[in-house]
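The domain 'WWE' annotation in TrEMBL covers 14-94, 95-171. The domain 'RING-type' annotation in TrEMBL covers 433-494.
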Amino acid sequence: MARSGSGLLVPVNGLGYPPQNLARVVVWEWLNEHGRWRPYSAAVCHHIENVLKGDARGTVVLGQVDAQLSPYVIDLQSMHQFRQDTGTMRPVQRNFYEPSSAPGKGVVWEWENDNGSWTPYDMEICVTIQNAYEKQHPWLDLTSLGFCYLIDFNSMSQTNRQSQRKRRLRRRMDLAYPLIMGSIPKSQSWPVGASSGQPCSCQQCILVNSTRAASNAILASQRRKVYGGTAGNSGAAGTLTVVRQSNTFAGTSLWSPTSTSSGTNNNNISVGGGQAKAEQVQLPQSTANFPCSPVMPSLSSAHPHHALTINGQNNLNRPGTQRISMGTARGAIPPGVPALPVKNLTGSGPVHPALAGMTGILMCAAGLPVCLTRAPKPILHPPPINKSDMKPVPGINGMWRKTKKKHLRRGKNPEDVVRRYTEKIKVAPDEDCTICMERLLMSSGYEGVLQHKGVKPELVGKLGKCGHMYHLLCLVAMYNNGNKDGSLQCPTCKTIYGEKTGTQPPGKMEYHVIPHCLPGYPDCKTIRIVYDIPAGIQTNEHPNPGKKFSARGFPRHCYLPDNEKGRKVLKLLITAWDRRLIFTIGTSSTTGESDTVVWNEIHHKTEFGSNLTGHGYPDPNYLDNVLTELSAQGVGEDNLKD
């Protein structure tokens, strides 16, 4: 339908924040390498808020709610997202919007990328587009927000004003973002309170706490240089020498400058006693405002024989890469300087590999001497094995499983599934429905969006096992957005009703015992699992039906100890395979490739003889952790057959 009226030019001052005592919608965002705040999905934001209510200083494991984010955790104290397999850290923030805005209504605006898949806009832009859409503007100019695009609502397209290239855009409904009441912190980042209680002793929390301690120590050292080492640099000149941020902290530099220094001398930095090479950046004679960053002083000019140059090509908008190289051999390192390896050589030391590498980069950036050693290679596979040495797993029939294309069960409509697992509530309590974020006393937020016979928007139901209450129409909407396999999962406590199945493509699973031992299990042999899934065409249950999907890295080899608990895990993994829960089709968190086969929230050990990547042994908690992950998918001990 054509839209009448004039278009909209976005005001430069952007979004405002209303008074602090009203309801607000919370959107958690992370800073990408281009300096843009990218929103997490509504489901992830609900999960973060739930963790935040319990422990404002805790750690959020994103893989518990989104399989594609399984390598990532958020440290609520430092407000950083941490990738466990690479050590990459990115700042996060907690942003607030009006309940009537796009995130409050569950509206998502997306544009079609070159792969034919859909990418959501930044939340600020999404809110702006939705406002213009609701006001019936025929077009929207995003130039004032820093984007040379024109949005045409009549053709639902985005046009690049420079290249005139057009892309499709779409508006879809999703889960509404969480709603909070009460006062809002002045800062968009969640404030950190005082420490309370005993720290967690799990490996993940030890890693996060150790990372935080290393970062704080280096920042403290840098501040000592700021206050104690700038007296001799008063006679200056217009070049400020800084060390560009490492990719480990892509997005926000830990030592970004807030003012310029003067001086004609080239400042120098020495790493491990050797000559350091870098690039040079020329800053104008004006203040550059970088939030939340201490002043980075000019380094002392007392050592003119060391040269440090920093190239400032668009430093704010692209990931900064540390360009410091060692110019001398190890023998040039002064006595007493500790040798900090980039990777833990044995995988069994007290320093996590990602933490060791990250700390080395930070120490280099701070001008501290570091001896960088060569990273060891992980031992992914056992020695060659004859086929005659591969034995069946005791207590398990056969040595392989094969799945073919399984059609979805269409015999039961969504209303029947919802009614089977709920009971109607005559008098609804005065609390929120956590699906649509409307009060249960009011009609469902999906009123007018969904229409189902016999399911009125004001009806409220209680789930049988856990007792959580929702609008029945909201449960129908949630079921329609899922796999439609006849099962239902409570969005609050994750209790599963029925038998949950996945969208895993056809493939083969093999399992057998090999005559080798895993690190940490010297007294038993090893169970090897081999998954093999070929590339193919997506079906209606997948993100892009009719489009090809890739299958990288297959066959994939995984390992379990051949003991009682290891065989128990294997039996449950076979059940999960039969229910198509091991893999799914999505976007790879490692390569960023879309429409490819990825792991689906059940972690496997793919490193046989070491644990350099975090996906190997020894790991004394792995078997218990994977049992918990399987139980979260509805594959528990009650599924074991004697």
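Residue numbering: from 1, along the chain as shown.
Just so it is clear, glycine is given a Cβ too, placed from its N, Cα and C backbone atoms.
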Remark   = Over the domain 'RING-type' (433-494) the mean pLDDT stands at 87
Remark   = Reduced to three DSSP states, the domain 'WWE' (14-94) has 19 helix, 28 strand, 34 coil
Task = Count up the helix, strand and coil residues in the domain 'WWE' (95-171) according to DSSP, in that order.
result = 19 helix, 29 strand, 29 coil
